[in-house]
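Novice: What follows is a structure written as structure tokens; I'll ask about it next.
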Amino acid sequence: MKFFAGFMTFLVALLHIGIMVLEMFFWNHPVGQKIFSMTAEVAQSSEVLAMNQGLYNSFLGFGLLWGLISGNQSLKVFLLICITIAGIFGGLTAKVSILYIQALPGFITLLLILKAKRRQAGEARLFS
């Protein structure tokens, strides 16, 4: 369970780093325009906002990687809660697909981490 939770955390981190790359470097590019379903005019007028949003996604992705490297469970849990809330908000206000792309993986990973932590705590009590 702990391995799977870590693997999922890694995938969610990569997802957010990938979103960061798209928002910061490919927003005003045919690839970004196709992925985000927007015209060249919309992409050009919102490019600075997308770069800012991409920076925030980098904080989420690299923060999760730092949580994996350092073993800081609280950091991972906090960031996954943020990702889940942001995904729900985005799904309700922007595109429904954000619920499945961002919120659902974040929430599932959060549950896996909490379950692994609970299981580990139970094993510690069992052997103490």
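Glycine is treated like the rest: Cβ placed from N, Cα and C.
Sharing the features that TrEMBL gives for it:
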type     : residues : note
TRANSMEM : 7-28     : transmembrane segment
TRANSMEM : 48-68    : transmembrane segment
TRANSMEM : 75-92    : transmembrane segment
TRANSMEM : 98-116   : transmembrane segment
Novice: Count, for each of 7-28, 75-92, 98-116, the Cβ pairs lying under 8 Å from the transmembrane segment (48-68), and report the range with the highest count.
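Specialist: The stretch with the most contacts is 7-28.
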Novice: So what's near the transmembrane segment (7-28) in sequence-distant terms, Cβ-Cβ under 8 Å and 6+ beyond its ends?
Specialist: 35-36, 40, 43-44, 46-47, 50-51, 53-55, 57-58, 60-62, 64-65, 67-68, 76, 80, 83, 101-102, 105-106, 108-109, 112-113
Novice: Taking a Cβ cut-off under 8 Å, which residues six or more beyond the ends of the transmembrane segment (98-116) line up next to it in the same chain?
Specialist: 1-2, 4-5, 8-9, 11-12, 15, 19, 73, 76-77, 80-81, 83-84, 86-88, 90-91
